[in-house]
Amino acid sequence: MKQHFPLKNMQQEKRIYKGRIFFAIFLVAFFLLLLICRYAYLQIVHYDDFTTASDKNRIRLQPLAPARGYIYDRNGVLLADNYPVFTATLSRADVSDIDDTLTRLIPILNLSQEDVDRFKSRVKTARKTERLAIKLNLTEADIAKFSEVKYAFPGVKIETQMTRYYPHGELFAHVIGYVGRINDKELKSIDKDLYAGTNLIGKIGVEKSYEDLLHGTPGYESVEADAHGNVLRNLGRQNPARGNDLYLSIDYGLQTIAAQQLKDRRGAIVAMDPRTGEILALVSSPSFNPNLFVTGISTKDYSGLRDNLDQPLYNRAVQGAYPPGSTIKPMFGLGGIHYGLVDWSTAISDPGYFSLPGDSHRFRDHKKSGHGSVNMHKAQIVSCDTYFYVLSYRMGIEKMNDWMRQFGFGEKTGVDLPSESSGLYPSPEWKMRTRKSKWLKGETISVSIGQGAFTSTPLQLAMATAITANKGSHVTPHVLRETKGAKKFAVHNAPDGKIQFNGTDQDWTNMHDAMVDVIQSGTGRGIKGGLQYSIAGKTGTAQVKSIAQGKRYNEAALSSRQWDHGLFVGFAPADNPEIAIAVVWENGRHGGSAAQIARPIFDYWLVTRKKNPLRPANHQVSGGLMTAGIKPGELSMANAAAQNAAPASSPVATPPAATQPADDGVTE
């Protein structure tokens, strides 16, 4: 059977073929027209916009970190300096995968997890083109390892940045403090524009208190960069403004002498100018090297400081809360005059103890047999506890509180250093609020001799002593004496008030005379030998271990950390005070021992300083390491030698050893 095949319609096939050709040509023409329109849109309509965007990809505005202001002592001795270090930096505009880059950099730059976490926190809030530090203070080994593989890390650079250096190490650590890397908490509170390009911020001490003055204003540099972030040319620059220089009231020589007196001991010393409130020396012992913190302290070093039983990071001078003991008896005695409860002739009989009416409990005097008939003058000289027991019973805790707070007890002094403690002057209201119990009359008796719940900082003791020296004129302690730079700041160097006192000027003079006799014939007589000026002082002994009723203090049965604290306050010259001092020697056993610590400090300020002031080697009065041409290592070694050697004419006496009683046998 034959098959029949239909004939093709060639005309129809041609029409279909031509239709497809025309459709394809139409599609090509349509999309070509779209491309032409898009090209015209980009090149004609938005030419200016995209040209600007292109320039932004090439032209960058890079922040220039300001140099931090220098810190000097009152005589221009450089205390805080700036010096250059090599720093690894990165800009996220030049790196596509930051996590991968950091991971690969860890073994090369020896990055810690803290370095990585800190960078990741900072990069989140920084400008895209801002170069941020990955690691500060690179070693030569770090730089050499990176140089071999830098081609694999586009956008990562080794740059020179300024960092902080403290040439005198431990000596001023608790005054100046230190700077450190900006952390997450600080990132949330700082002005990010003001800190653009900056890695460091004040953490404690003057560095923190005066951060706004020390930190300058950043500048900016306009640069043309390639795709890898490499600068091709500079287009313009606005220079950063350096922070203010600070001149402190602290005296290098006095600070050195004071630190020597507490070497290998725990305690604090504060010396003030009672006329102005300027702090002349502030020592907390033991101390630490603040340079460890600047570029990031190692876990090992920090653990060593944190876990040290002697607490070198603790600023005892402004944070330490100690029972003030008998050092407050001059101030408290004047309260008796103020309230009309006693006068200078009022005498009490001291059998060696005091008992509240109807109570058999005996509040003991430090002298078991008592002092016999005692008036105010004698009570200060022999430090008669019983006299002040009686006075406190008559005065009552409320009046005691009102009076003693005028000297600054129980309140912050207002010093320009952070983290100050207020101490505690207890009251019935305080006890009910914190311990949910009523005040007992016996507690009033303990508070009268600086014991019980009563605590004070060494700084508070120095301020109260200055007020006593000033005959009631109040001064606020401060360490800033002057600032130089673009930012204006006024420093108040004068008394700023007067306490309310119902007595007379002669009452103040009488108390000064009694304090002079403390040194001449009383509990502080161990330091009177060879004096070329007069000291008005008061010793104090503060119990660390409580003693049960009927028991006596037995030092031999206690560990050295349970021995009594030794305290001393004083001012000199007594008739025209130039310096007021408070000394706390932890477990120093006696107030007389603390007085012996104070004597060389008085001597240096009033005698030696005027003839042969102590200055460090490589003494600088302007600029920093950059201008002086001194390397940090060289400066630290030179000044370490200076700190360990006082001038030959400086009468630096050695305090009695902790294992020996005071030379004069005085126990109060």
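Cβ from N, Cα, C; glycine included.
Automated prediction, rather than curation, is the source of TrEMBL annotations.
Over in TrEMBL, the protein carries these features:
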type: TRANSMEM; residues: 21-41; note: transmembrane segment
type: DOMAIN; residues: 65-235; note: domain 'Penicillin-binding protein dimerisation'
type: DOMAIN; residues: 267-602; note: domain 'Penicillin-binding protein transpeptidase'
type: ACT_SITE; residues: S326; note: active site, acyl-ester intermediate
type: BINDING; residues: D350, D365, H371, C384; note: Zn(2+) binding site
type: COMPBIAS; residues: 640-662; note: compositional bias 'Low complexity'
type: REGION; residues: 640-668; note: region 'Disordered'
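What TrEMBL annotates, mapped onto the structure for a quick look.
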residue : record                               : Cβ within 10 Å
S326    : active site, acyl-ester intermediate : 29
D350    : Zn(2+) binding site                  : 24
D365    : Zn(2+) binding site                  : 25
H371    : Zn(2+) binding site                  : 22
C384    : Zn(2+) binding site                  : 27
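Distance noted between the C-alpha atoms of D365 (Zn(2+) binding site) and S326 (active site, acyl-ester intermediate) is 12 Å. Listed in sequence order, the residues G352, K367, G370, G372, V374, A379, V382, D385, T386, Y387 complete the 8 Å Cβ shell around the Zn(2+) site centroid, once D350, D365, H371, C384 themselves are left out. Mean predicted confidence for the domain 'Penicillin-binding protein transpeptidase' (267-602): the pLDDT average there is 95. In the three-state DSSP reading, H371 (Zn(2+) binding site) counts as coil.
According to its DSSP assignment, the residue listed as 'active site, acyl-ester intermediate' is helical.
Within 10 Å (C-alpha to C-alpha) of S326 (active site, acyl-ester intermediate) lie the following binding-site residues from D350, H371, C384: C384. Reduced to three states, the DSSP call for C384 (Zn(2+) binding site) is coil.
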